[in-house]
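Feature annotation from Swiss-Prot assigns signal peptide to 1-46. The feature Cu cation Z2 binding site is assigned by Swiss-Prot to His135, His184. What Swiss-Prot records for His136, His433 is Cu cation Z3 binding site. Here Swiss-Prot flags Tyr261, Glu264, Met272, Asp278, Asn325 as Ca(2+) 2 binding site, drawing on similarity to another entry. Summarising the annotation, Swiss-Prot assigns Cu cation Z1 binding site to His327, His382 and lists similarity to another entry as the type of evidence. According to Swiss-Prot, the Ca(2+) 1 binding site annotation covers Lys454, Glu469, on the basis of similarity to another entry. The Cu cation Z4 binding site annotation in Swiss-Prot covers His494 and rests on similarity to another entry. The region 'COX2-like' feature in Swiss-Prot is assigned to 544-642. The annotation Cu cation A1 binding site is assigned in Swiss-Prot to His585, Cys620, Cys624, Met631 on the grounds of similarity to another entry. Look at Swiss-Prot and you will find Cys620, Trp622, Cys624, His628 tagged as Cu cation A2 binding site, backed by similarity to another entry.
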Amino acid sequence: MESKEHKGLSRRALFSATAGSAILAGTVGPAALSLGAAGLATPARAATGADGSVAPGKLDDYYGFWSSGQTGEMRILGIPSMRELMRVPVFNRCSATGWGQTNESIRIHQRTMTEKTKKQLAANGKKIHDNGDLHHVHMSFTDGKYDGRYLFMNDKANTRVARVRCDVMKTDAILEIPNAKGIHGMRPQKWPRSNYVFCNGEDEAPLVNDGSTMTDVATYVNIFTAVDADKWEVAWQVKVSGNLDNCDADYEGKWAFSTSYNSEMGMTLEEMTKSEMDHVVVFNIAEIEKAIKAGQYEEINGVKVVDGRKEAKSLFTRYIPIANNPHGCNMAPDRKHLCVAGKLSPTVTVLDVTKFDALFYDNAEPRSAVVAEPELGLGPLHTAFDGRGNAYTSLFLDSQVVKWNIDEAIRAYAGEKINPIKDKLDVQYQPGHLKTVMGETLDAANDWLVCLCKFSKDRFLNVGPLKPENDQLIDISGDKMVLVHDGPTFAEPHDAIAVSPSILPNIRSVWDRKDPLWAETRKQAEADEVDIDEWTEAVIRDGNKVRVYMTSVAPSFSQPSFTVKEGDEVTVIVTNLDEIDDLTHGFTMGNHGVAMEVGPQQTSSVTFVAANPGVYWYYCQWFCHALHMEMRGRMFVEPKGA
């Protein structure tokens, strides 16, 4: 392997640096202080160009689907206006909609929950997690292009992934992934369609995590997971060497790839940054599928697992050395090149995926797949692409976005005297993910780039110690990038995608009465001989369990009142029979911590205990009618023994 001087940050620099201060001379490698490739383009001050505004009553050109990090929800924005259009609760408990409290949402949370998780939650008085750390949102693909069926997202906090239906923009499935810990990187298969969603386990732990070997790091392992995107269950898993960070997939359906910043399997920051080189893991999908089909796997916690660690010398994986603590892993729309950001190295490594067959079947030297390694600046994290062969990489430490040309970087790596860097733009501040419109598909556009900055500092009015993030809109239609908008966002978007509305023609404004979301609720109603598709006001008592069926048509509930006994478990089932767009109802039970959304033609239900005797008003918390305030009724709770 070619020997190259390591030009990243020293370990001392890493420990002494803070995100809020620049890393100056003496704390960076010599490349950053020389007139190397990274220094040839003069950074431009962020300038104001076309403002990207959308007039009242006009629609945005694109949907933006945002993660929210520790808030646990998905957000929908309009691009270029950057107006927030909707929040879709996923892993979080949502007070507005009742997500995480309605019976329908609890079933989705619990469907794949492990017994260990149920035990942990029960010990803390819970049925489900009420938090999540949602980093990445990606859409399903067909033939390398978005197909508008599903959106997928991860939960790093509780080792889960979720699926949102694009026709109603509601979560329809959550999967807890066994054996792995801390699902971070997550990408759908691009070709021929998203049969799989690939998920990276970031955190190291024993596979048999029962406390018997918890101090023996030699028993720790990381897991790469393929989730069946249609069945929403684990298809197979691969043991790997090192940990897993971000991932992506190719445009032929042959490969998936993941970065690893902890090839050392270190347990401390110093140990994790010790090596000059880490790696990218390449997964051979066909070989893994062949082994699974032939029964050549071990079953661990009900999952089929193959061994792709280095010492296994299998055809499942190959490891390509990359400097240093690599992070972003982004496949270009040219179908050929994978860009891996160095994070602690000022470089992005460009891999030619057409050379991967030789790594597996011809014993080619791992770095033979490297075709470019441009020096771009300090702290490269992620790369986005336009449709003209250009790449855009975020530089966390430099607080910049750098535009560079992939073909010219390859020519420079081969020895040609050419500078692939086309432009640099200051952003505010410390950028992480960035995305062009449709840039992770074969339909990459050339108009807008969104850069998600981790710090806003002085860009907005001071709102206290916790500041908003800053999502910046950048015009990339010309030769130079132009900053056109600052967008404050609540904690903490990590990633986003931008999608043409033409891909989403089937978004509904009114629910289908046969929707599977409330199928189990309908089954219970049928057992109770209640028709929830018609006006109903039934009350069913089953011991100390009471089911109250009611219909809502603005501005009234079919049940002006109902009576239960102290200590009863009460389930209220509400069906909104209005068929008008945007006529959402709600049901809130006063002084019981109960509230839920009931969209037009939707059925929703919620269960609670009526613990105290007395009169309690329920009401519609959505403003659905001029007589909205009058849309209410009483629950009478009779004292025990009355």
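Cβ coordinates are placed from backbone N, Cα and C, and glycine is handled just like the others.
The model shown is predicted, which means the values in this text are computed figures rather than measured ones.
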| said: Counting across all protein chains present, how many other Cβ atoms fall within 10 Å of the Cβ of His628 (Cu cation A2 binding site)? | reply: 17
| message | Tell me which of the binding-site residues Glu264, Lys454, His494 ends up closest to His382 (Cu cation Z1 binding site) in space, Cα to Cα. | response | His494
| Cβ-centroid neighbourhood (8 Å) of the Cu cation A2 site, Cys620, Trp622, Cys624, His628 excluded | Ala554, Pro555, Thr584, His585, Gly586, Gln621, Phe623, His625, Met631
| remark: Least Cβ-packed of the binding-site residues Met272, Cys620, Cys624 (other Cβ atoms within 10 Å) is Met272
| query | Using DSSP, would you call Trp622 (Cu cation A2 binding site) helix, strand or coil? | reply | coil
| On the 0 to 100 scale, where does the mean pLDDT of the region 'COX2-like' (544-642) fall? | 97
| request: Pick the one among the binding-site residues His136, Glu264, His494, Met631 whose Cβ has the fewest other Cβ atoms within 10 Å in this structure. | output: Glu264
| field | Those residues of the chain, 6+ apart, with a Cβ under 8 Å from that of Trp622 (Cu cation A2 binding site) | value | Thr584, His585, Gly586, Glu597, His628
| task | Quick one: of His135, Met272, Asp278, His433, Glu469, His494, which binding-site residues lie within 10 angstroms of Met631 (Cu cation A1 binding site), measuring between C-alpha atoms? Sequence order, please. | result | none
| Other CB atoms within 10 A, centred on His135 (Cu cation Z2 binding site) | 25
